[in-house]
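Enquirer: First the structure, which I've put down as structure tokens, then a few questions once you've had a look.
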Amino acid sequence: MTMLWVCLAGGLGAVARFLLDSRINSRFSVPVPLGTLVINVMGSLLLGLITAAALNHLGFSQNLKEPLGTGFCGGFTTFSTASVETARAAYGCGRRVGALHCMGMAIAGVLAAILGLALGSRV
């Protein structure tokens, strides 16, 4: 049954990513794809919160960890799209822009995950 919930949550995460990415990229015209950056950082924060809540047993059911963490966050965030968009930014805007985009996303994602773990531990 858990696998079914992971699949359903993953589908919801993918739809949420599509809608949010479309909305962000239609509103902001920047040289790098802002939508994927925002989504991956948000997903890192959310996964940190989920992980901390599950590890600390803060009223968070272990049955929700896989569907929300692996399913929703896995469907919501996207490493492959980020990789392609970074390569396109490097090709279209220069290697420096591509490298900054890549490093910025990685650093922001890790910091967001740390923040999520910290916040989730205090709830």
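Backbone N, Cα and C define each Cβ position, glycine as well.
If you look up Swiss-Prot, you'll see 1-21, 30-50, 99-119 marked as transmembrane segment, on the strength of sequence analysis. Taken from Swiss-Prot, the feature Na(+) binding site covers Gly74, Thr77, and the record attributes it to sequence analysis.
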Enquirer: For the transmembrane segment (30-50), what are the same-chain contacts with Cβ under 8 Å, counting residues 6+ beyond its ends?
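Expert: Non-local partners: 17, 20-24, 60, 64-65, 68-69, 72-73, 76-79, 81-82, 85-86, 89, 92-93, 97, 101, 104-105, 108-110, 112-120.
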Enquirer: Give the nonlocal contacts of the transmembrane segment (1-21) in its own chain as ranges (CB under 8 Å, at least six residues past its ends).
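Expert: Those are 33, 35-36, 38-39, 63, 66-68, 70-78, in sequence order.
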Enquirer: Tell me whether Gly74 (Na(+) binding site) sits in a helix, a strand or coil according to DSSP.
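Expert: DSSP assigns Gly74 (Na(+) binding site) to helix.
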Enquirer: Tally every other Cβ atom lying within 10 Å of the Cβ atom of Thr77 (Na(+) binding site).
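Expert: Summing over all protein chains shown, Thr77 (Na(+) binding site) has 21 other Cβ atoms within 10 Å.
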